Structures are given as structure tokens and as C-alpha cells.
Amino acid sequence: MIPFVPSIVPNIVQALVLVVAFTLIAAPVLRKHPVPFYVFYAALSAVTLIDGITWDPWADVVLDLFVSCYVGVAFYLAVMFAGALPRKWWVTKRFLSVRTELSVIGGFIIAAHICRVAFMIPLSLSMYWTFIWGDAAPVMMAAVTIVGVPLLVCFAVPWLTSFRFIRKRMKHSTWKTIQAMAYPFMGLLVLQGILLSLGHAIYVGPGTAEFADYMVNAATYLFFGIAYVACKVSMAVKNHQKRAKRTSPQAS
């Protein structure tokens, strides 16, 4: 993904580094003037839908760095972890200040990616799927359809309602309920990343150079999932302890 970075470094890790750097640098401007960023990322995402646009290797590199599916996922990982890390940290405050904007940008990228790969859902239910993927077909079908369809729903609804002009038309309670879909979205996102990585590993086979890369990729998604749950549990425990301290004098 990033030129000259060894392939053993998962693309999602490289993308997350880019997203973190972008947010730390651009957060103040992004918060005050989000529209130019929306236009930029929406336009680049739309470019990926044009056949043959990556005829120039450098064009392919630029699109990968800004609007690859890994970058889109990284935006959402950043948004989710921002809500799970201690809020007193400067980094957390930086991300929370533009949480909505990051969601919108990530959504443009993911929406374009869905447009490119949506055909795989009906294809995964056809007899051709096994001819394409061989032994990896069941795992890939699970990733694309069994996990992918509910993941699509959990992505689309919160993303559309994250636009401020739509949010303003909704009741706050309704908006909060919809945004709660972010939690199953996170779980399905991690699960799909693991399944896709394992499916590709099975497809290439353990005797190939790419096998280790895919297994490391699967382990990375698993790590993200475990780390997120651990952060949320830790936050819940600390919040419970704070509430207990506030109510203990009243109870006595």
C-alpha cells in the first residue's frame, strides 16, 4: 500500500498510521471547514469507480493512499477507538472533536468500495463461487454474504444519519438509537477482516509467500477486536466505580 513498506506489514496498519497522522494534523481545519474535505474524498472515491483509471502506477498509489478500502476501514477504526480510549488524553480529544467528520469521510470511501464489490454477494451464492475460490469458497462466502450483508446495513444507516443536515431533522433519541448500530458494525467489521484474510490464506496455500502476510493480517484484525473490547470494558468499569463513589455518601 505505502511504497517501500514490506508486505508483511498489514495494509490496515499502514492505513491506520495515515489516518492518525491526517487527523492529528488536520483536525482543527477539518472541524471548521469540513465541506472541502468531503468534496475531495468523495471525488477521489468516485474516481475509483471508473474502469481503467489506474493505468498509471502512480495514480494507483495515490488512490491507495487516500481512498483504498483499507483507508476507509481505518477511518472507522479511529472513530470507534476514539470512543473507547480515556477522554482525558490529548489524542482522544483530538479525534473526538472531528468524530462525525471522520465518519463521513470514511463513509464516502466505503460506499465507493461497496459499489465495486456488491456483485460478489449474488456471485457467492452461485455455483461459480467454488470454481473461483476452491477450498476457500465457504470462508469467502461467509465473509462476503453472511457477514457482509448485515455489515452493509450497520454501515449505511448510521453513515447517512451522520450528515449534520439529516441529523438535525431527527429526534435526538432516534439518532442515538441508530448510532448504537456502531457496536455491531465494529464486531462485523473485525469479523469480516479476519474471514477475508483467512479465506485468501486458504486460497494461496501455506506454501506460498503471501500466506504469512494474510495470516498476519487476520491476527491484526483479531488484535483490534480484542483491544476494542478491552478498552470498552475498562471504560465501563471505571465509569461504574465513579458512579458508585458519587452515590455512596447518599446510601450511607
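From the backbone N, Cα and C atoms, a Cβ is placed for every residue, glycine too.
Computed from a predicted structure; not experimentally measured.
Below 8 angstroms of C-beta separation, residues 1-2, 5, 37, 65, 68, 70-71, 73-75, 77-78, 91, 94-95, 97-98, 101-102, 193, 217, 220-221, 224 of the same chain, each at least six residues beyond the ends of the transmembrane segment (12-30), sit close to that stretch. Sequence annotations record features per position, and here TrEMBL assigns transmembrane segment to 12-30 (among others).
For 37-55 (among others), the entry in TrEMBL reads transmembrane segment.
What TrEMBL records for 61-83 (among others) is transmembrane segment.
Positions annotated as transmembrane segment by TrEMBL: 104-131 (among others).
The feature transmembrane segment is assigned by TrEMBL to 137-160 (among others). Below 8 angstroms of C-beta separation, residues 103-104, 107, 110-111, 114, 117, 120-121, 124-125, 129-130, 166, 178-179, 181-182, 184-185, 188-189, 191-192, 195-196, 198-199, 202-203 of the same chain, each at least six residues beyond the ends of the transmembrane segment (137-160), sit close to that stretch.
Among the features that TrEMBL reports, transmembrane segment is placed at 181-203 (among others).
Residues or ranges marked as transmembrane segment by TrEMBL: 215-237 (among others).
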Outside the transmembrane segment (104-131), at least 6 residues beyond either end, the same-chain residues with a Cβ under 8 Å of its Cβ set are 34, 37-38, 41-42, 45-46, 48-49, 67-69, 71-76, 79, 137, 140-141, 144-145, 148-149, 152, 155-156, 159, 162-163
